[in-house]
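These come from TrEMBL:
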type	residues	note
TRANSMEM	25-48	transmembrane segment
DOMAIN	41-289	domain 'G-protein coupled receptors family 1 profile'
TRANSMEM	60-82	transmembrane segment
TRANSMEM	102-120	transmembrane segment
TRANSMEM	141-164	transmembrane segment
TRANSMEM	204-225	transmembrane segment
TRANSMEM	237-259	transmembrane segment
TRANSMEM	271-291	transmembrane segment
Amino acid sequence: MQRKNFTEVTEFIFLGFSSFGQHQITLFVVFLTIYIFTLAGNIIIVTITHKDHHLHIPMYFFLSMLSSSETVYTLVIVPRMLSGLIFHNLPISLAGCATQMFFFVTLATNNCFLLTAMGYDRYVAICDPLRYMVIMSKGMCAWLVCGSLGTGLVMAVLHVPAMFSLPFCGTVVEHFFCDVYPVMKLSCVDTTLNEIINYGVSSFVILVPIGLIFISYVLIISTILKIASAEGQKKAFATCASHLIVVVVHYGCASIAYLKPKSESSVEKDLLLSVTYTIITPLLNPVVYSLRNKEVKDALCRAVGRNTSLQI
């Protein structure tokens with residue numbers, strides 16, 4: 001009965017970067033440039049790992065899955081954000097917002113657990129190298145990838161329907177996409193239960209992978225320190241460096257964004273953090289794995305060499 005007193009909200013408008021005024025065109029150019037490089041980098045990684053038989057090993061299978069997930073993840077968020085910088089006050093329907101949030105939660109969770117699978121892969125490669133190909137079989141790799149995506153879908157199914165069963169009074173989302181807290185703030189009713197669900201989901205998605213990756217790296221480091229030669233230690237550390245860089249940035253931003261107390265939130269800080277994990281982090285993946293990884297660079301050289309010889 002109480003819902004009848006609420007005006008039915010059928011669409012939202014993103015506040016986005018409107019506070020930046022005349023700098024929005026500059027932001028558009030910067031974000032578009034980053035987005036193009038992100039798409040190009042992830043597509044190159046997916047293509048090169050598929051085409052080059054030297055990269056047909058579990059480590060690069062997970063990398064290609066992560067790149068594919070990051071590509072769809074950015075497609076869900078960034079084009080809408082870019083259009084908002086040019087065409088202000090573009091509305092999004094309630095169903096459109098729910099769909100965007102569903103894909104965001106699914107893919108963000110999927111990315112977290114794919115990074116965990118990559119950490120497990122590095123653990124097996126360094127701590128049990130003789131059985132690496134037996135343990136990291138095609139079946140195990142497929143199970144880990146499906147498990148990551150399945151976990152993301154479960155989190156989204158738990159989260160999004162509960163969110164959009166709420167009645168909404170406000171229509172202006174203080175963000176550039178349908179993130180959880182900015183949409184929740186528009187509800188007319190008490191959202192304590194939804195906040196508990198959100199915090200539980202966020203804690204699970206962030207802390208469980210961090211814990212598993214931490215255990216993997218404790219075992220990895222203890223194994224590396226037992227290697228007699230300095231050159232051997234250096235090679236072992238090098239195989240983990242790219243993954244570790246991506247993990248630190250990814251989980252660092254996610255932890256600050258979703259596990260900090262609400263009292264420390266502000267629109268400007270939240271926008272900055274969101275830009276980091278929706279635009280900067282997806283670019284970091286192809287850049288780090290391309291620039292720091294000799295096998296990927298060699299595969300790119302082989303691909304460029306083949307194309308050049310075909311043209312000649």
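For all residues, glycine too, the Cβ spot is worked out from N, Cα and C.
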Within the same chain, the residues 6 or more beyond the ends of the transmembrane segment (271-291) and with Cβ under 8 Å of it are 17, 31, 34-35, 37-38, 41-42, 44-45, 63, 66-67, 70-71, 73-74, 77-78, 81, 175-177, 179, 242, 245-246, 249-250, 253-254, 256-257, 297, 300
Against which stretches of its own chain does the transmembrane segment (237-259) lie, if we need a Cβ under 8 Å and a gap of at least six residues from its ends?
-> 108, 111-112, 115, 118-119, 122, 125-126, 198-199, 202-203, 205-206, 209-210, 213, 217, 220, 224, 270, 273-274, 276-277, 280-281, 284-285, 288-289, 292-293
Contact set of the transmembrane segment (141-164) with the rest of its chain, CB cutoff 8 A exclusive, min separation 6+ beyond the ends, reads 58, 61-62, 65, 94, 97-98, 101-103, 105-110, 112-114, 116-117, 120, 180, 183-184, 193-194, 197-198, 201, 204-205
